[in-house]
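Student: Have a look at this one.
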Amino acid sequence: MKIFSAAQLHEADKVTAEKHNITSLDLMERAGGQIFAWLHQRMQGAQVPIHIFCGIGNNGGDGLVLGRLLIENGYNVTIYVANFTDKRSKCFLVNYDKVKNITKKWPILMTSEADFPEIHKDDIIIDAIFGIGLNRAPEGWVKKLIQYLNKNKAFTLSIDMPSGMYANQALEDADAVITSNHTLAFQTPKFSFFLPETARFVPFFEVLDIGLDPEYIYTTEPYAQVISKPEAQQLYKPRDRFSYKGTHGHTLVVAGSYGKMGAAVLSTKASLKIGSGIVTTFIPKVGYTILQTSVPEAMVLTDDNENVLSSINYNFNPQCIAVGPGIGTSEQTVNAIKELFKRSKSPIVIDADGLNCIAEDKSLLKLIPKQSILTPHKGELERLIGTWKNDYDKIKKVKAFAKKYEVVVVIKETFTIVVFEDKLYINTSGNQALATAGSGDVLTGIIAGLVSQGYDSLLASVLGVYLHGSAGVLASKQMGYEGVIASDIIDFIPDSYIELFKQEQAPQQEKTETK
Ligand SMILES: NC(=O)C1=CN([C@@H]2O[C@H](COP(=O)(O)OP(=O)(O)OC[C@H]3O[C@@H](n4cnc5c(N)ncnc54)[C@H](O)[C@@H]3O)[C@@H](O)[C@H]2O)[C@@H](O)CC1
Ligand SMILES: Nc1ncnc2c1ncn2[C@@H]1O[C@H](COP(=O)(O)OP(=O)(O)O)[C@@H](O)[C@H]1O
Ligand SMILES: [K+]
């Protein structure tokens, strides 16, 4: 699914109005109507008090449309307008009057803290204060209103986005954002929903299609893309019935050192399980028996050194090389990696200590083969590109880095982001079960195994991150979050492929006895 920026959404709004001969007011009616339908379906007329807090822009206008429809359908509604300025939007004003025309219970204008209403914990709060038009951090009594609503235990539904955060700009004041229970976003999720600094304000969201111009949506290069099952499905390359192991590529895994041979085992197994036809693993001598016994399917080459990598020699052309898990950063290993980079003609997936070796000796950077894939977590990324001011600054720096060295960067997070040139792909599979030792080593093997099978570096990264997340989720369904260890993620790789093409089962109709 495409993610558009706030500017693109305003543009889409304009284009839709012009091309489809509808007004912004019609669009607002659609948007408010969709929120109403969502609530109505769940509430079925229940008389729970609903408090709608509107700003004075079009997000507030959506709140007014919702309020009117709820009142017309007999709900128990109170509308408040956070009247922080008289510069109200046109569509807001029209809908403000429409509310006044259908009820004697007019919207309550709030102008200070003294106007904050009492809210019971079982009530419902609708947050329609700010949407994509926020242009500065909320201050004064409006900030206090946001804090007051957050302190309340009532269920909070945000319209389009939690008020106080930007769609695609860094957060300025984390104390002035609504923490919503559920967000209903129009047409597209917002980029900030997925970033470490802001995702916690959006624990659940759904996207409502408000019918913005399909041509605009289809042809416009998005700000970012969300990768979920339908997108991942399209990336899959079916296997040829007449293929043989060589067709599916030969992966070289360079990993392990004394005490960290498990990392080599995990990457090797993952690479085989994702479908690499042949895997050779290069390790220090100490790991020979461990590797041969744990993964009989893999071939093993050993370094001359007993405990760490010092010279990486092999006499074949792998389609992809995975480097880094468990190798340490001793001087001889850094030098060995340097020689490997110089020699390699294939893309290299560089993870963990592979990245730390680069951080130790930055001259390695320009030797990284083009189209290689770097998979840093936060700490490794910081050692590579330095610190950042906020999530957006981080993305900007990673984009510049990826462009400069012509590589793909996989920023590992709860919502992992794959960065290539100016493109951003956000992964949505995965859960907290993946937060376990060795999980990253599995991902390295997965991505390398996909490159070996003929996926280009970008697709291998995007699909690999998706399947890795999906395997973790499937494992956690049987073992709970805590019970999943990295080997389990590998065991569930086959299921993650199968799950990719599983049809969602339609809810079963209840059978009625007729006799
Ligand atoms: N395609 C679209 O773009 C559509 C947008 N709609 C709604 O319109 C919203 C965007 O509306 P607007 O652009 O009017 O903007 P908002 O309603 O998000 O609010 C911006 C208003 O608040 C003021 N403001 C911004 N930051 C402030 C601050 N910190 N303190 C005080 N005032 C502040 C602005 O000057 C402006 O008047 C969307 O989020 C969505 O809810 C829908 O009505 C329909 C379609
Ligand atoms: N809470 C979470 N939700 C989703 N994915 C997660 C979560 N925590 C960790 N992950 C994923 O698990 C992997 C952990 O990798 P990494 O930190 O390198 O682990 P290790 O170094 O132990 O192998 C990454 O792919 C990351 O995106
Ligand atoms: K809002």
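Note that Cβ sites are derived from N, Cα and C of the backbone, with glycine treated the same way.
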Student: According to TrEMBL, Lys412, Glu413, Thr414, Phe415, Thr416 bind AMP; which of Gly438, Gly440 is also listed for that site?
Tutor: Gly440
Student: Besides Asp127, Ser163, which of Asn59, Asn73, Asn76, Asn83 does TrEMBL list for that K(+) site?
Tutor: Asn59
Student: Listed binding-site residues are Asn135, His377, Lys412, Glu413, Phe415, Gly440; which sit with C-beta under 6 angstroms of ligand 3?
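Tutor: Once distances to ligand 3 are taken from each Cβ, none falls under 6 Å.
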Student: In the predicted model, what is the mean pLDDT computed over the domain 'YjeF N-terminal' (9-218)?
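Tutor: Its mean pLDDT is 96.
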Student: As a check: which entries in Asn59, Gly61, His377, Lys412, Thr414, Thr416, the binding-site residues, place their Cβ less than 6 Å from an atom of ligand 2?
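Tutor: Cβ < 6 Å from ligand 2, in sequence order: His377, Lys412, Thr414, Thr416.
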Student: According to DSSP, which kind of secondary structure is Asn59 (K(+) binding site) found in, if we only use helix, strand and coil?
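Tutor: DSSP assigns Asn59 (K(+) binding site) to helix.
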Student: Using a Cβ cut-off of under 6 Å to any atom of ligand 1, determine which of the binding-site residues Asn59, Ile132, Asp160, Lys412 qualify.
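Tutor: List returned for ligand 1: Asn59, Ile132, Asp160.
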Student: What are the non-local neighbours of His377 ((6S)-NADPHX binding site), defined as same-chain residues 6+ apart in sequence with CB under 8 A from its CB?
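Tutor: The list for His377 ((6S)-NADPHX binding site) reads Lys412, Glu413, Gly440, given in order along the sequence.
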Student: How many other Cβ atoms sit within 10 Å of the Cβ of Lys412 (AMP binding site)?
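Tutor: Result for Lys412 (AMP binding site): 22 other Cβ atoms within 10 Å.
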Student: Rank the binding-site residues Asn58, Asn135, Thr414, Thr416 by how many other Cβ atoms lie within 10 Å of each Cβ and give me the one with the fewest.
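Tutor: Looking at the binding-site residues Asn58, Asn135, Thr414, Thr416, the Cβ with the fewest others within 10 Å is that of Asn135.
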